[in-house]
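As recorded in TrEMBL, the features of this protein are as follows:
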- I9, G10, G11, G12, N13, M14: NADP(+) binding site (BINDING)
- N57: NADPH binding site (BINDING)
- 6-100: domain 'Pyrroline-5-carboxylate reductase catalytic N-terminal' (DOMAIN)
- 164-268: domain 'Pyrroline-5-carboxylate reductase dimerisation' (DOMAIN)
Amino acid sequence: MTTANIRFIGGGNMATSLIAGLIADGYAPHAIQVSDPSPERRQSLQASLGVRALASNAEALAEAETLVLCIKPQLAAAVCAELAPLLANHRPLIVSVMAGVPEQTIQRWLGAPLPIVRAMPNTPAMVQTGAIGLHASPEVDTEGRNRAETILRAVGLVRWVDEEAQIDAVTAISGSGPAYFFLFMEALEQAAIELGLDGETARLLTIQTALGAAKMAMESDAPPSRLREQVTSPGGTTERALAVFDEADLRALVERAARAARDRAVELSKTLSEAP
Ligand SMILES: NC(=O)C1=CN([C@@H]2O[C@H](COP(=O)(O)OP(=O)(O)OC[C@H]3O[C@@H](n4cnc5c(N)ncnc54)[C@H](OP(=O)(O)O)[C@@H]3O)[C@@H](O)[C@H]2O)C=CC1
Ligand SMILES: O=C(O)[C@@H]1CCC=N1
């Protein structure tokens, strides 16, 4: 099995995170190429990551063993139409990280039932702490599954899901999830400043607290509810803060937000699968 020769179509935020994570894990920059229409972005990818950045998607595809589609869902039909004629005699493993673009839709656009792995990573892949959901189309053989898993495992924790529709749930939880935690960090940092801490102290205490809580939750046998109880002294300070979250029904709010993200992925899937 080889994981060498990975080509990315689209060199934006997610591709940059994945490539940075792969290189940090020991992948040779020369084994990775990326295509993107923006000269500035290509220059930045070459300068910061040492990978070859191309203007042409066709050139990126030419010898690809694994082709990672990292473009916006709304551009996918056009990009796949451009790649389709080149895939008549060449069957790379396609890994799509696009939210809300079904495997069969990608196959239709590419004009062939090519092996597709849908991957839903997140930007912490950049620091090899990604959380990644995977689903394989029936055309993907064991070697393809292993190859996709090896690539994504290099940048984080990997979970396969049984049903393709579950990728929409993964998108809502871990794909979009870093933004939820960043928002909470922004809010806590702002609160710290309002309570009289200086900006740097507010920032560092907030980030370290998030890191510590995540590390404890990951390493402990106890569920987060138990870890929360251990912080919450009866009649103490945490109890007062948590009562404010309860008043605002934080749990219901989080569920609503996750459902909204999942529903948007489903909406994208429907729109795109009905598009020509
Ligand atoms: N960002 C995230 O956290 C996550 C994103 N994803 C998925 O990753 C995909 C990319 O998202 P993200 O990286 O955030 O988006 P970006 O807009 O940052 O990246 C997309 C890149 O593709 C480039 N591009 C535009 N047209 C073409 C083309 N014809 N051929 C090749 N490249 C092109 C864009 O250039 P230009 O800007 O000049 O148009 C841009 O650099 C999406 O499908 C998204 O659903 C999945 C998980 C998490
Ligand atoms: O917001 C989005 O649509 C993409 C998919 C998951 C994270 N970012």
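The backbone N, Cα and C atoms fix where each Cβ goes, and this holds for glycine too.
Taking the features listed in TrEMBL, we show where each one sits on the structure.
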residue	record	Cβ within 10 Å
I9	NADP(+) binding site	26
G10	NADP(+) binding site	25
G11	NADP(+) binding site	27
G12	NADP(+) binding site	16
N13	NADP(+) binding site	11
M14	NADP(+) binding site	24
N57	NADPH binding site	22
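Recorded residues M14 (NADP(+) binding site) and N57 (NADPH binding site) have their alpha carbons 17 Å apart, per Cα-Cα distance. According to DSSP, I9 (NADP(+) binding site) is assigned to a strand segment.
A gap of 9 Å separates the Cα atoms of G10 (NADP(+) binding site) and N57 (NADPH binding site). Residues I9, G10, G11, G12, N13, M14 make up the record's NADP(+) site, and a Cβ search at 8 Å around their centroid adds F8, A15, T16, V34, D36, C70, I71 from the same chain. N13 (NADP(+) binding site) and N57 (NADPH binding site) have their C-alpha atoms 18 Å apart, to the nearest angstrom. Looking just at the domain 'Pyrroline-5-carboxylate reductase dimerisation' (164-268), the mean pLDDT is 98. Residues of the domain 'Pyrroline-5-carboxylate reductase dimerisation' (164-268) grouped by DSSP class, helix first, strand second and coil last, total 87 helix, 0 strand, 18 coil.
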